[in-house]
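Taken from TrEMBL as is:
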DOMAIN    29-298  domain 'G-protein coupled receptors family 1 profile'
TRANSMEM  31-52  transmembrane segment
TRANSMEM  73-93  transmembrane segment
TRANSMEM  105-129  transmembrane segment
TRANSMEM  141-160  transmembrane segment
TRANSMEM  190-211  transmembrane segment
TRANSMEM  245-272  transmembrane segment
TRANSMEM  278-300  transmembrane segment
Amino acid sequence: MDPKVVFDRPLENLFNEHLEELETDRTLSNTLIACVFLVIGIIGIWLHGLNVSRLVKLNLILPPGLVTLHFHLALNNLGVVAAFPFGAVSTFYNQWMFGSLGCQIYAVEGMICGMNTIALTCFICLLHWLDVRHGIIFSTWFYRIVVALSWIFGIFWSILPLFGFGKYDLEPHKTTCGLRMPPSDWNDTVYLIALTLLGYVVPVFVAAVTYSSVVKQYCNEIGNSDKTEENIAKKMEKLGTQIKLNGCILAQSILTWLALGVLACWSISFGLSDVNPLVLYIPQLLAKFGCATAPISYLITMRHLKKPHVDNVAKKQD
């Protein structure tokens, strides 16, 4: 008898058993991740539904034009969350289930909504700074232009990969679609660097600087104001609510997209060949979780506001 046959068969059996264990682990992991997609999506839609009652109260503390930015911010956060069934189904079956066109649409929709949330967060903090620090309140049409610019910003970054600057492709785990990482050529590399800097770092930096300036102004006014005068007390209470709301929105935006920014930088510098594909779900799930829980910023900071009415701030635009 050939000794090789005697010893190779047990090894082959062990190898097959190991493959079966890996397949079982993979199936379990995919099922759990698919469930996370579903839970995040359902919670997100529920929270955004609850948030409608808060959004209609924004006229109490903000000019109507600025309220429009918050409505569009909520719409784009919901847009990021709304694609959860596609990710859940594909993850469960461990393959993208909706074809190449579906892959492109999924990626473009996520990119537009994601970039819009960053742009709108920046504009909200910047315009609030102009109001508080410089007393500038724009007319309603100006705020509509700002909303249009935020959509142009999102569409601009989302269509570039369709023309060869960056590429949309299956992600390394092969169950959802997004930007190809690591970049495959110089165009992809330049696009990822520009997207990270101009699409995330710069807007977040501007938002953080302007927000910090408003907080400083608020602290100075609190220290110097006469808290016994009713009008001043109401003004400071309203400003405090605005600051809390914007601070929550800014923190949420930073944390939501930070992991994807780190992933882009890592893929450019070191590649992703040594990274477990399951780990690459984390930035994506964090982004969806952040957008799903964005309404909490409004639910927490505006719970004390009463039934909406026409506020003096709104009258300043007439």
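Cβ atoms here come from the backbone N, Cα and C positions, even for glycine.
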The transmembrane segment (73-93) vs the transmembrane segment (190-211): 3 or more CB pairs under 8 Å: no
Among the ranges 31-52, 105-129, 245-272, 278-300, the one whose Cβ pairs under 8 Å to the transmembrane segment (190-211) are most numerous: 105-129
Average pLDDT across the domain 'G-protein coupled receptors family 1 profile' (29-298), rounded to a whole number: 90
